[in-house]
Amino acid sequence: MENVVIVSAVRTPIGSFNGALSSVSAVDLGAIVIQEAIKRANIESALVNEVIMGNVLQAGLGQNPARQAALKAGIEKEIPSLTINKVCGSGLKSVALGAQSIISGDADIVVVGGMENMSQAPYLLDSKVRQGVKMGNLTLRDTMIEDGLTCASNHYHMGITAENIAEQYGISRQAQDELALRSQTLASQAVQLGVFDKEIVPVMVKTRKGDIIVSRDEYPKADTTAEGLAKLKPAFKKEGTVTAGNASGINDGAAALILVSESKAHALGLKAIAKIRSYASGGVDPSVMGLGPVPATQKALKKAGINLDDIDLIEANEAFASQFLGVGKDLNLDMNKTNIHGGAIALGHPIGASGARILVTLLHNLIEKDKKLGLATLCIGGGQGISMIVERL
């Protein structure tokens with residue numbers, strides 16, 4: 001079976017909600033990382049066989065946002081593109097689909113990744129407007145909440161699924177806040193030290209006062225304290241434990257990687273960062289969707305023929321502190337090797353991009369720490385999880 005190698009991995013900075021990147025569409029963010037990933041891979045765009053990009057909040061973006069991003073990035077019109085939606089797992093599923101395409105022999109080089117601008121998610125009128133409204137009020141529907149952050153099976157916010165896990169596992173408010181503080185501290189230190197600079201492509205943003213360059217993550221809060229977190233009110237249940245401080249953010253950003261068959265990489269003289277060892281998805285009850293990484297990781301480890309102890313570094317998406325801690329309990333995650341520079345609670349969670357983003361960060365962390373095996377994993381709204389294991393070369 002043909003090995004699949006990764007020859008470049010890049011992301012934009014992550015912007016805060018209505019922040020520095022809010023005026024840059026998901027399509028434009030996607031185009032920026034696609035173009036930069038190709039540049040860093042040192043290949044001609046004409047050699048690309050397909051572009052696959054995750055994107056969740058597609059309402060109003062137009063047909064096939066991945067196709068739009070590819071064309072804006074300068075990809076030739078003859079090269080096809082696919083947009084996929086697996087909620088928070090979209091960006092990592094795009095990598096798995098690209099790998100499958102190469103393994104099957106359908107492609108040699110695939111651009112994969114994810115893109116999201118949650119700040120630009122539109123509001124919708126009810127569909128009955130098409131039949132005519134004779135009287136009464138109309139309610140606008142927030143596509144960000146409805147299509148991105150609401151459990152379609154149980155009709156409640158993702159935050160309630162985090163509360164469910166906290167109750168099921170007896171995870172205290174203090175434990176959640178302690179994880180949030182860890183994430184903020186590590187991420188803020190990493191930003192200050194420029195740890196993420198090598199994985200980030202700066203974004204030029206046009207403003208009324210002229211062009212500005214956004215080159216660092218906007219969301220981490222260096223002034224976060226335990227006392228400040230403790231003062232925050234529960235966000236989803238009156239007597240709950242999940243707050244805005246121990247949950248991930250609402251954010252904008254994109255990430256992309258170039259996948260190449262090992263034989264093609266050798267033929268072109270490309271330097272591979274890593275090879276994909278395995279990937280897997282799993283399902284859990286939608287009411288505790290945050291536990292999805294558990295079966296997904298167990299399956300991925302089995303496919304790779306290794307144990308979790310063999311993994312050197314882990315990037316586990318922090319959708320919610322309680323969710324992360326529940327997964328940590330079930331998998332017995334070693335915190336010394338997990339989210340070593342913070343996670344989504346501090347960095348942010350642009351949902352369609354996050355799967356690719358954590359893989360990009362994982363790859364650069366493996367290089368930084370001179371480690372070999374890495375695991376990337378995310379929970380997925382609706383009750384799923386996705387995991388991928390890579391081996392640095």
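Backbone N, Cα and C atoms are what each Cβ position is placed from, and that goes for glycine too.
Marked as active site, acyl-thioester intermediate by Swiss-Prot: Cys88. The DSSP secondary structure for Cys88 (active site, acyl-thioester intermediate) is strand.
Swiss-Prot lists His349 (among others) with the feature active site, proton acceptor. The local packing around His349 (active site, proton acceptor), expressed as other Cβ atoms within 10 Å of its Cβ over all shown chains, amounts to 28.
Cys379 (active site, proton acceptor) has a Cβ environment of 34 other Cβ atoms inside 10 Å. The active site, proton acceptor annotation in Swiss-Prot covers Cys379 (among others).
Take the CB of Cys88 (active site, acyl-thioester intermediate) and look out to 10 A: across all protein chains shown you find 35 other CB atoms.
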